[in-house]
């Protein structure tokens with residue numbers, strides 16, 4: 001063998017079998033940035049049709065987690081695939097930099113503003129802290145192979161962006177959507193600030209559930225509403241009963257609310273302490289059961305509408321409250337009578353406005369009753385629940401009390417229960433200028449993926465309250481408005497003033513607002529106007545980036561955002577704040593497509609939790625397995641639902657990666673010595689199987705590009721794996737090894753094969769590039785340096801487009817796709833019999849076998865098209881076809897109807913060079929150890945191959 005070894009075309013490549021990604025990827029990253037890969041992409045795509053994926057900014061606090069990695073990798077895959085599809089797809093990453101979490105971190109270091117440091121110093125410390133957090137997260141994202149404007153990201157705290165956020169506020173005010181109101185808002189007593197809807201999360205909480213009596217102020221007038229018969233009016237005090245789980249709100253009660261069409265019943269409670277109570281008829285039995293009242297009877301009925309404006313005594317204060325009517329009253333639970341405190345609930349506030357009720361708010365920003373609150377001054381509201389219950393008992397107003405577990409709003413940061421609290425706030429009004437209706441209409445023009453996203457955001461927009469955009473914080477973009485000290489009206493020149501402020505902020509940052517002397521801007525008006533000192537909700541900051549970033553950054557060339565891509569929780573967050581602000585400013589949605597992904601869970605479907613110990617950190621994965629494994633995991637998941645990750649799941653991704661890598665390595669190793677400029681075989685002269693393989697690559701490419709276009713990365717990876725493992729690995733690459741290794745070096749048989757391998761790897765490397773970016777770059781650098789045209793290969797795979805050199809077989813060809821599909825089935829059936837023969841020691845390897853295939857006429861005609869090259873497809877030393885009628889006794893049935901196969905151990909000698917057993921081994925003078933085919937390949941013109 002040694003004398004012929006040098007005549008074999010053995011594979012050779014500098015592309016290693018082991019990826020060793022954790023070590024190699026940082027070296028590749030270094031080269032990407034040294035050679036300005038992102039800049040090269042931008043240059044290559046300049047002037048192409050644009051595709052803008054606008055980055056939802058992560059919060060600049062803490063290390064990135066696996067959810068961040070999922071999100072950013074998905075964005076990167078989509079942008080790279082769009083680039084390969086010929087789009088100019090810039091990516092400007094962003095960060096959300098203002099807000100409470102950063103304030104809290106800075107407070108730990110320097111204390112609260114106004115104590116050890118001034119507010120100005122505090123803001124500067126916040127800016128420094130956020131900048132450091134951005135840098136840390138930036139490096140983590142870059143390590144994942146994500147390409148973008150990392151040197152010029154957008155940060156909501158950049159002076160220019162802060163100025164544009166202020167301008168956005170001005171436009172919303174100009175368009176009539178800004179509202180100043182004294183309204184109940186979600187209030188976190190730990191934050192000391194209002195919260196947006198998106199900052200509220202619901203968790204179970206145990207609260208006191210109480211049924212409370214409100215005595216009738218005028219019994220006779222009330223009883224007259226029930227049309228009772230003379231002498232059947234009952235006995236004892238008359239009360240209407242409310243149910244609540246927030247006893248602490250009772251000091252602010254200003255009404256009891258009924259529904260106009262509900263029937264209410266006057267019940268006589270019997271026994272030693274008779275009384276008469278009023279509840280909704282539907283709920284009467286529930287109320288009686290709950291209160292443990294067994295003996296009672298009904299005295300009469302009245303509609304809610306009949307009881308409107310009847311007066312009742314407050315249970316512990318010396319004033320009366322009216323019965324009012326509201327549509328929000330239901331019979332799902334409670335008594336059908338709703339305790340109404342306009343200062344502590346949005347529905348209460350809304351119905352209170354109709355009846356001109358006082359909006360009482362006896363609670364301070366820290367959750368403590370104000371000093372003038374009768375009975376409860378100085379107590380924290382949640383601790384005061386017990387005191388309120390005791391007071392109700394003392395006053396004889398408590399009908400029933402028990403502990404009740406229910407879903408309750410909590411602060412997303414502190415994880416503590418929040419309250420509704422009426423305060424003066426700034427709102428983006430949903431209805432005063434038709435914003436809600438316009439938003440709902442615009443939603444229909446957006447493509448929501450998955451489709452359920454549309455109904456989800458529609459429901460949220462339909463039901464949402466006014467957007468409270470003001471915060472009582474230090475580190476945030478100011479609500480840069482001047483209001484009249486007496487009327488609270490905006491200054492008549494607000495538009496011009498906002499632009500002047502924005503110009504100063506553009507130069508000096510938000511601190512400029514607090515530094516500006518009102519007289520500088522207002523002149524003589526300064527005496528009548530005061531600055532608003534509230535800051536903007538951070539959801540406003542990020543929500544207006546469609547204007548502050550997309551409209552303003554030169555990278556986007558004035559194009560609108562095509563896509564927003566975030567987690568499904570952003571229907572109530574960024575998707576919604578962006579939509580509302582864009583409609584308020586421009587009258588249209590800020591995006592054309594909205595794509596959402598689910599949350600990351602562990603292999604058992606549980607949320608990531610340090611206490612459970614199931615947290616998978618991106619850094620740990622890249623340090624151990626490499627970023628390409630993490631990227632392949634992201635691409636392989638159906639990300640529209642929950643996305644599972646665990647060591648076992650990542651191991652499966654690593655296994656899949658190895659199969660793809662090994663396929664690519666086979667291609668590269670067998671292109672050794674191939675020069676596309678001089679060695680390409682014309683299509684019409686290629687061996688039939690080689691043309692089929694290129695056709696399979698074309699079919700795969702069509703499906704893969706379609707899947708990329710539909711953002712279906714899961715389908716991309718499935719098709720890629722099928723192509724590498726099944727179409728190539730299990731069939732084509734297996735069949736061509738003999739020809740590639742043993743054919744005449746540089747002869748037609750070998751060059752045809754290499755031509756196919758070259759075309760396929762040109763396509764394969766591009767399919768991989770959006771997902772396995774590092775490995776694709778590594779492959780690219782091992783591919784032939786020159787192209788068929790003689791031009792040099794581009795420096796990077798990412799600057800090009802999908803390979804356009806593939807071609808398919810015509811269906812009219814004799815050896816078309818259907819033919820090769822049938823041959824794969826025949827080969828599969830034969831392989832089962834060869835495996836059995838190996839198991840029973842009839843043969844060693846398949847090249848020790850000779851086959852006779854007994855086939856029916858139709859199948860035999862197809863198989864015979866391969867002529868004497870059938871044995872190469874079946875990987876045996878000999879294979880002949882005979883009619884089924886001549887079937888031998890030794891022939892075995894296969895799982896193909898009309899096909900029997902006889903497997904025999906060959907008696908021919910083994911060729912030292914190709915290992916085939918053929919009768920001519922030892923018959924050729926001077927080459928006694930090799931077969932005639934090998935002699936031709938070593939000393940002659942080389943074997944001719946037409947089919948395989």
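Cβ from N, Cα, C; glycine included.
Feature annotation from Swiss-Prot assigns L-isoleucyl-5'-AMP binding site to 566. Taking Cβ-Cβ distances under 8 Å and a sequence gap of 6 or more within the same chain, the neighbours of residue 566 (L-isoleucyl-5'-AMP binding site) are 56, 71, 573, 574, 575, 596, 597. For the recorded site, residue 566 (L-isoleucyl-5'-AMP binding site), the DSSP three-state label reads strand.
If you draw a 10 Å sphere around the CB of residue 610 (ATP binding site), it holds 7 other CB atoms from the protein chains shown. If you look up Swiss-Prot, you'll see 610 marked as ATP binding site.
Reduced to three states, the DSSP call for residue 931 (Zn(2+) binding site) is coil. Around residue 931 (Zn(2+) binding site), a 10 Å sphere centred on its CB holds 28 further CB atoms from the protein chains shown. Annotation comment: Swiss-Prot describes 911, 914, 931, 934 as Zn(2+) binding site, evidence class sequence analysis.
If one looks beyond the motif ''HIGH' region' (58-68) by at least 6 residues along the same chain, the residues whose Cβ comes under 8 Å of a Cβ in the stretch are 95-97, 99, 101-102, 105, 130, 133-134, 136-137, 140-141, 155, 567, 599-600, 608, 615-619, 645. Residues or ranges marked as motif ''HIGH' region' by Swiss-Prot: 58-68.
Sorting the motif ''KMSKS' region' (607-611) by DSSP state (H, G, I as helix; E, B as strand; all else coil) yields 0 helix, 1 strand, 4 coil. Positions annotated as motif ''KMSKS' region' by Swiss-Prot: 607-611.
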Same chain, 6+ residues apart, C-beta under 8 Å of the C-beta of residue 934 (Zn(2+) binding site), given in sequence order: 4, 742, 911, 913, 914, 927
Measuring Cα to Cα, how many Å separate residue 931 (Zn(2+) binding site) from residue 610 (ATP binding site)? 67
In the same chain, outside 911, 914, 931, 934, whose C-beta lies within 8 angstroms of the Cβ mean position for the Zn(2+) site? 742, 912, 913, 915, 916, 918, 921, 930, 932, 933, 935
Using a 10 Å radius around its CB, how many other CB atoms surround residue 911 (Zn(2+) binding site)? 26
Could you say whether, by DSSP, residue 911 (Zn(2+) binding site) belongs to a helix, a strand or a coil region? coil
DSSP tally for the motif ''HIGH' region' (58-68), helix/strand/coil in that order, comes to 3 helix, 1 strand, 7 coil
